[in-house]
Amino acid sequence: SVNDDVHDEL
Amino acid sequence: MNIFRLAGDMTHLASVLVLLLKIHTIKSCAGISLKTQELYALVFATRYLDLFTDYISLYNTLMKLIFLVSSFSIVWYIRHHKIVRRSYDKDQDTFRHYFLVLPCFLLALVINEKFTVKEIMWTFSLYLEAVAILPQLVLLQRTRNIDNLTGQYVFLLGAYRSLYILNWIYRYFTEPHYVHWITWISGLVQTLLYADFFYYYFQSWKNNVKLELPA
């Protein structure tokens, strides 16, 4: 979700 | 950043470059689904809203901008470029956007991690990306006559998805709390859609013959 680790993915 | 993630991003980038190369140098978009390209443009436009709110890294920002600019350029080329647009196979590319966009949006409203605009848009983009290749696969099946660049484009996209799955497995074992069901399931669905194509791609590669899909 927003602002967690998975958000560094494209 | 692990090696699978980097390799995944690079194959994704390569797929876009192959497509732009085909369009730009051969001035042809034969065999390319405009519907799929428009869906990808929508995927990136809704996913990368965080460009305005969060900074992750220079790499992250640059890649996001590349995917945004390239996807909208490809759509522009196919729709408006005076030579390229003539090669667009409109009669074969008949898949309807809203068959995919509407269910994905409704699903994102129901299944998401947080009920906020940005979060729902992000979730919607994941669901839509999972199925956005369908018009392209349908077009390949219909035309059957697939040129090398189009085949490589779809192959690279499939490779990118497969490498992302390896990236998630790696991150799950190396990072605490790395559990993302929505991302994983939509990513898995997306990769499985390529399975059939991959089978015929490898067959043609192994037998050294031109790629042709069964009708």
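Keep in mind that glycine also has a Cβ here, set from the backbone N, Cα and C atoms.
Feature annotations, reproduced from TrEMBL:
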TRANSMEM  B:55-78  transmembrane segment
TRANSMEM  B:98-115  transmembrane segment
TRANSMEM  B:121-140  transmembrane segment
TRANSMEM  B:152-170  transmembrane segment
TRANSMEM  B:182-202  transmembrane segment
Contact set, same chain, for the transmembrane segment (B:98-115): CB under 8 Å, 6 or more residues outside the stretch: 39, 42, 121, 123-124, 127-128, 131-132, 134, 182
Distant-in-sequence neighbours of the transmembrane segment (B:182-202), which means Cβ under 8 A and at least six residues beyond its ends: 111-113, 123, 126-127, 129-131, 133-134, 137, 140, 151, 154-155, 157-158, 161-162, 164-165, 168, 211-214
Chain residues outside the transmembrane segment (B:152-170) and at least six past its termini with a C-beta under 8 angstroms from it: 2, 4-5, 7-9, 11-12, 14-15, 18-19, 22, 32, 133, 136-137, 140, 178, 180, 183-184, 187-188, 190-191, 194, 197-198, 201
